[in-house]
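Engineer: The structure that follows is given in the form of structure tokens.
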Amino acid sequence: MKIALFAGDGIGPEIMAEARRVLDALDLPGLVLFEGDVGGAAWRAHGHPLPPETLEMARAADAVLFGAVGDPECDSLERRLRPEQAILGLRRELDLFANLRPATMFEGLEDLSALRPEIARTIDLLIVRELNGDVYFGEKGTRTLPDGRRQGHDLMSYAEDEVRRIAHVAFRAAQGRKGRLTSVDKANVLETSQLWRDVVIDVAAGYPDVALTHLYVDNAAMQLVRDPGQFDVMVTGNLFGDILSDQASMCVGSIGLLASAALGAGRTRFGTRGLYEPIHGSAPDIAGRGIANPMAMILSLAMLLRHSLGREADARRIERAVARALADGVKAADLGGSADTRAIGDAVLARL
Ligand code: NAD
Ligand code: IPM
Ligand code: MN
């Protein structure tokens with residue numbers, strides 16, 4: 001099995017080092033690891049955020065473990081050269097359209113949630129975010145109007161097959177959980193969302209065992225902090241899913257805790273091909289200080305083992321080790337603790 005490791009920018013290499021130590025500790029047979037450059041680091045070394053050799057490495061791999069990209073010094077580059085194009089390009093080129101972003105409460109963190117403990121305790125949800133369409137990938141540009149004003153535009157659109165395939169992923173996920181699915185859209189205003197809703201309702205006919213409800217995204221954002229326990233699986237488009245998942249992270253306690261899997265139709269010998277990454281970014285404000293929380297990265301490795309390598313037992317071992325470390329009070333600065341990145345890696349390894 002081939003795994004590509006792309007650490008990226010900012011805290012990416014710092015948290016990747018800890019995930020790597022966990023992976024090494026498992027001592028899995030027949031594993032081949034590759035390292036590749038992505039993001040601002042790749043732009044500096046090769047003049048492009050997603051160099052052809054990196055893309056080839058990803059294509060050849062059964063799974064990609066991805067740190068984070070983003071570098072303030074690159075924010076004024078033309079868009080196609082910016083670090084973020086590395087992750088957008090990988091998702092798109094590998095056709096990884098289904099993004100699973102689980103948010104579950106950890107024992108001992110109830111008081112660190114942005115919500116009241118009795119509300120935080122109820123969180124056990126999965127956001128299924130469409131990852132290859134929406135306003136992210138529509139026609140975009142900036143033009144000058146006849147009267148001299150500049151105008152930016154980004155086209156929002158979904159084709160029905162794009163909605164259908166993510167809806168199937170979400171319904172199947174709900175079947176494997178509590179059987180409840182909430183589709184989030186803005187069908188009261190957006191045509192894109194009306195089509196989304198119509199297709200989701202259509203797909204629902206094949207899943208009579210799943211209870212489907214619909215929420216407008218503004219209400220969904222409110223409900224997520226009012227009563228997150230009402231949600232089992234949430235399915236939504238690229239932009240809404242991006243925003244709601246960062247919000248969900250603070251309900252759990254920190255963005256440094258949330259992992260993700262980006263999956264497509266491709267198969268490995270033991271599962272699904274995929275790319276795995278924390279939901280957070282390169283955190284330039286704390287990069288280089290060794291204080292980032294590597295738990296989201298380590299939990300992303302667990303998702304890789306589960307979905308791409310078929311190693312459920314190892315995935316659970318890692319998840320339990322992280323949960324135990326948290327229950328024992330091992331916390332990085334994002335959770336108000338004093339453990340540094342390495343110490344958290346040590347704590348997880350000790351409990352593995
Ligand atoms: P961010 O997620 O990088 O950081 C937001 C805040 O959360 C910061 O205060 C940061 O210090 C904190 N934070 C994030 N992860 C943390 C961790 N593991 N431990 C402790 N604290 C953590 O979001 P941003 O600041 O809006 O973006 C920074 C850069 O990252 C931008 O260039 C952005 O485009 C990029 N980005 C990349 C990805 C990705 O690679 N998939 C995701 C999001 C943002
Ligand atoms: C994420 C990030 C990315 C996104 C950016 C960096 C392109 O915010 O993975 O959540 O918007 O998808
Ligand atoms: Mn995001």
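Including glycine, each Cβ sits where the backbone N, Cα and C put it.
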Engineer: Figure out which of Arg79, Arg80, Arg101, Arg116 sits with Arg91, Arg129, Asp218 in the substrate site per TrEMBL.
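Structural biologist: Among Arg79, Arg80, Arg101, Arg116, only Arg101 appears alongside Arg91, Arg129, Asp218 as substrate-binding in TrEMBL.
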Engineer: Which state, by DSSP, holds Asn293 (NAD(+) binding site): helix, strand or coil?
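Structural biologist: DSSP call for Asn293 (NAD(+) binding site): coil, neither helix nor strand.
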Engineer: Given Arg129 (substrate binding site) and Asp242 (Mg(2+) binding site), what distance in Å do their CA atoms have, once rounded to a whole number?
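Structural biologist: Distance (Cα to Cα, whole Å): 7 Å.
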Engineer: When you measure from the Cβ of Ile291 (NAD(+) binding site), how many other Cβ atoms are you left with inside 10 Å?
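Structural biologist: I get 21 for this one.
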Engineer: Take the C-alpha atoms of Arg289 (NAD(+) binding site) and Asp242 (Mg(2+) binding site) and report the distance between them in angstrom, rounded.
Structural biologist: 27
